[in-house]
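Pulled from Swiss-Prot, these are the features on record:
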- Cys86: active site, nucleophile (ACT_SITE)
- His181: active site (ACT_SITE)
- Glu183: active site (ACT_SITE)
- Ser235, Gly236, Gly237, Val238, Asp239, Ser240, Ser241: ATP binding site (BINDING)
- 9-207: domain 'Glutamine amidotransferase type-1' (DOMAIN)
- 208-400: domain 'GMPS ATP-PPase' (DOMAIN)
Amino acid sequence: MTENIHKHRILILDFGSQYTQLVARRVRELGVYCELWAWDVTEAQIRDFNPSGIILSGGPESTTEENSPRAPQYVFEAGVPVFGVCYGMQTMAMQLGGHVEASNEREFGYAQVEVVNDSALVRGIEDALTADGKPLLDVWMSHGDKVTAIPSDFVTVASTESCPFAIMANEEKRFYGVQFHPEVTHTRQGMRMLERFVRDICQCEALWTPAKIIDDAVARIREQVGDDKVILGLSGGVDSSVTAMLLHRAIGKNLTCVFVDNGLLRLNEAEQVLDMFGDHFGLNIVHVPAEDRFLSALAGENDPEAKRKIIGRVFVEVFDEEALKLEDVKWLAQGTIYPDVIESAASATGKAHVIKSHHNVGGLPKEMKMGLVEPLKELFKDEVRKIGLELGLPYDMLYRHPFPGPGLGVRVLGEVKKEYCDLLRRADAIFIEELRKADLYDKVSQAFTVFLPVRSVGVMGDGRKYDWVVSLRAVETIDFMTAHWARLPYDFLGRVSNRIINEVNGISRVVYDISGKPPATIEWE
């Protein structure tokens with residue numbers, strides 16, 4: 001019998017902050033399971049979840065507006081600790097009898113708060129001391145409204161000159177509010193505050209660890225599928241690879257992995273996937289060479305969104321054909337991860353704006369003939385990588401830069417042709433190889449090459465040539481929501497450009513993309 005790793009759990013209610021998923025990831029890093037739900041949950045749902053504690057997230061709205069979100073009243077009646085962050089603190093204050101006002105100026109950025117009263121939340125935690133020995137905390141503020149009066153049964157724990165109630169607490173009820181973001185790294189002691197709340201105040205044990213997550217997932221897979229056969233589309237990406245390894249550990253040869261080579265992969269990627277999973281790990285793999293079929297379907301198409309849909313559609317067609325050749329397969333496995341689940345829920349409630357169609361879920365058959373197995377659906381990406389390491393997958397593969405689901409289909413601008421893909425593959429491989437050699441690969445968040453369907457004149461020897469252009473792209477980001485272009489050294493860029501132009505016959509010019517996000521997206525299409 002495996003240990004119940006969900007026994008202690010934190011419920012995070014989402015009021016719309018860009019940092020809310022980061023709060024959840026921080027709680028998981030502390031070894032405690034948590035889930036992220038929309039703020040408008042019912043009392044019955046909270047009772048059913050049975051949390052050890054509740055966190056109210058930040059959000060972009062103003063509590064002073066009539067129809068702004070509120071925490072369900074049951075949150076304050078459930079008898080469990082509650083931690084309000086930024087907007088979460090403001091709605092807590094307002095709902096429990098305090099007062100919030102719109103501020104004339106938004107407070108955004110670094111601040112130092114002075115701890116003026118003892119509290120279990122920050123006891124013994126400090127970044128510095130005042131002249132008279134009071135603890136100071138370096139924090140990150142991001143708010144427009146501010147609490148101007150706290151509820152009568154609360155005390156002020158910390159304040160700044162412009163924010164008199166930076167931390168408030170009701171120790172008896174174990175209610176806490178902070179007017180800053182403990183989840184971001186700029187709040188230097190933020191993790192210690194979250195740990196204090198989750199581990200000490202809520203008394204949650206650290207049961208959520210990679211080894212225990214694997215044991216739990218294996219047990220659940222076996223319970224779900226029994227002796228049935230399972231099919232999985234293996235792409236070689238992190239999610240499908242870790243899904244394959246978990247299923248292989250749980251059901252062995254009852255798993256069949258279908259690897260569709262769409263001709264839109266990186267240099268030598270197909271061979272690497274087959275070698276690693278087939279030869280090294282001994283998984284049962286069906287290799288489907290389908291380059292011609294994908295490129296034929298993409299012929300003449302220039303629109304990025306249409307290209308995505310075509311690639312998704314053809315993959316499903318090819319995958320379905322292979323599935324029909326297998327006998328008695330009753331389950332389809334997918335590498336769905338927790339952010340996909342959150343995103344789908346947000347889309348269903350109309351609370352998210354789709355910028356690009358999601359690569360992973362673009363074209364599932366509307367009428368599933370098989371049951372669905374999703375062993376990663378509770379996990380964030382960083383957790384997937386950690387359990388991948390525990391399962392024996394190589395670090396370099398798990399921590400590779402992101403690669404889009406449509407592959408080179410969205411890195412060749414406009415119409416996708418085999419000639420363009422072949423040139424791009426080789427140019428991109430040189431860029432990545434040089435980044436690794438210069439010890440720059442892990443210093444940037446994502447780097448890749450884009451093929452531009454324009455010819456540019458070049459000089460080779462005594463002659464002129466009229467060949468294609470590629471752009472190098474490298475960005476630095478924490479969350480991929482915003483990004484800065486990477487300031488790579490000029491001599492490095494010169495070396496990469498020289499190698500590409502000299503070694504890849506057909507490319508005459510290399511440019512470097514210096515666009516940030518926003519306004520540009522990270523991928524070109």
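Cβ atoms here come from the backbone N, Cα and C positions, even for glycine.
Here the features listed in Swiss-Prot are painted onto the structure.
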residue	record	DSSP class
Cys86	active site, nucleophile	coil
His181	active site	coil
Ser235	ATP binding site	coil
Ser240	ATP binding site	helix
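Sequence-distant neighbours of Val238 (ATP binding site) (same chain, six or more apart, CB under 8 Å from its CB) are Lys381, Val384, Arg385, Gly388, Met397, Leu398, Arg400, listed in sequence order. Sequence-distant contacts of Ser241 (ATP binding site), defined as residues of its own chain at least six apart whose C-beta falls under 8 angstroms from its C-beta, comprise Leu234, Ser235, Phe277, Gly388, Leu393, Met397, Leu398. Here the C-alpha separation of Glu183 (active site) and Gly236 (ATP binding site) works out to 32 Å. Counted over every protein chain shown, other Cβ atoms within 10 Å are most numerous around Ser235 among the binding-site residues Ser235, Ser240. For the recorded positions Cys86, Gly236, Gly237, a Cα-Cα cutoff of 10 angstroms around His181 (active site) retains Cys86. When other Cβ atoms within 10 Å of the Cβ of Glu183 (active site) are tallied across all protein chains shown, the result is 25. Listed in sequence order, Ser17, Ser57, Gly58, Gly59, Ser142, His143, Val178, Gln179, Phe180, His181 are the same-chain residues six or more apart from Cys86 (active site, nucleophile) with CB atoms under 8 A from its CB. Counting every protein chain shown, the Cβ of Gly236 (ATP binding site) has 21 other Cβ atoms within 10 Å. When other Cβ atoms within 10 Å of the Cβ of His181 (active site) are tallied across all protein chains shown, the result is 23.
Proximity of Gly237 (ATP binding site) to non-local residues of its own chain (separation of 6 or more, Cβ distance below 8 Å) is seen for Gly335, Phe403, Gly405, given in sequence order.
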